[in-house]
Amino acid sequence: MRLVLLGAPGAGKGTQAVVISQKYNVPHISTGDIFRSNIKNGTELGRKAKEYIDKGLLVPDELTVDIVKDRISQPDCKAGFILDGFPRTIYQAERLDEILKELNVELDCALNIYVPDEEIIKRMSGRRVCSKCGMSYHIVYNQPKVENICDSCNGELIQRDDDKEETVIQRLNTYHKQTEPLIEYYEKKGKLLTVHGQEGVDDTTKEVLNALSGVKL
C-alpha cells in the first residue's frame, strides 16, 4: 500500500495513519514529525523550517522534497508507505511522481479526509501539550484532571504557537490556496478517495478502512 493522506491540518490524518500503518504493515511517514524533531534538536533544517511553521506558512518545497525522497528510498518502504503532510503543492505531487517512477513503483491512492473549517479551528486551537513530558490534551475533548496541569508529571500545559487560533486560520487559508488543488490533481488521475472526518475517531476509522478495502494493490 503506497498512500498519500490529504486533508486540512487537524483533520485527523496522523490518527488514521497509525491505524492504516498497522493494518497494512507499512511505515507512517509524517513530514511534520520530521520537522519537529529537527526543530527540537536545533538542526539547520529545523531552524529554517521553524521560521515558516511559526508563521503558519508551508516549508519550501526544496527543503521537503529531499527529505521525503531519502525516506521513501529506505528498505522499510519497499512494500509501501503512508505519506502524511506530503505532497502539499502540485509541484511536490509532480516531484513525488518522478521519485516513484525512479523507484519503479506506483502510488495506490490519495485518501482525502474532509472536515469543515469551523471544526478544524475548534480542534486545533483547543490543543494543549505538557511543557515537560509532551503529553497532549484538549480543553474540550481531552481535559486534564486539574486545569492546565499534566496528569502524568504535573508539568504546565501550554499552547503551541502553531495551535493558536490566528495561526490555525492562516494555516487553513494556506491549505485552501496551495494544498486543496491536490484533490483535483489526484481525482484526474483516478487515485482519489474521500471520507468525512468530522465524526468521532472510531467512525472515521471505519469509513477509512472501508474505503481502502476497495483499492486494488
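Numbers here mean position along the shown chain, with the first residue as 1.
Quick reminder: no glycine exception, Cβ is built from N, Cα and C everywhere.
Source: prediction; values computed, not measured.
According to Swiss-Prot, the ATP binding site annotation covers Gly10, Ala11, Gly12, Lys13, Gly14, Thr15, Arg127, Ser136, Tyr137, Glu199, on the basis of sequence analysis. If you look up Swiss-Prot, you'll see Thr31, Arg36, Leu57, Leu58, Val59, Gly85, Phe86, Pro87, Arg88, Gln92, Arg160, Arg171 marked as AMP binding site. According to Swiss-Prot, the feature Zn(2+) binding site maps to Cys130, Cys133, Cys150, Cys153. The annotation region 'NMP' is assigned in Swiss-Prot to 30-59. Annotation comment: Swiss-Prot describes 126-163 as region 'LID'.
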### Query
Going along the chain, which residues at least six beyond the ends of the region 'NMP' (30-59) come within the CB cut-off of under 8 Å?
14, 17, 67-68, 71, 83-86, 88-89, 161-162, 167-168, 170-171, 174, 178-179
### Query
Counting other CB atoms within 10 A of each CB, which of the binding-site residues Arg88, Arg127, Arg160 comes out lowest?
Arg160
### Summary
Across all protein chains shown, the binding-site residues Phe86, Tyr137 give the max Cβ-within-10 Å count at Phe86
### Summary
Among Gly12, Arg127, Cys150, i.e. the binding-site residues, the one with its Cα nearest that of Phe86 (AMP binding site) is Gly12
### Query
Distance between Arg127 (ATP binding site) and Cys153 (Zn(2+) binding site) at the Cα atoms, whole Å?
18
### Task
Select the most exposed residue of Cys130, Cys133, where exposure means the fewest other Cβ atoms within 10 Å, treating these as the binding-site residues.
Cys133
### Message
Which residues of the chain, 6 or more past the ends of the region 'LID' (126-163), have a CB below 8 A from one of its CBs?
### Response
53-54, 56, 171
### Task
Work out how many Å separate Val59 (AMP binding site) and Gly10 (ATP binding site) at their Cα atoms, rounded off.
17
#### Entry: Cα distance (Å, whole number) from Gly14 (ATP binding site) to Cys130 (Zn(2+) binding site)
19
### Query
Whole-number Å distance between the CA of Thr31 (AMP binding site) and the CA of Cys133 (Zn(2+) binding site)?
22
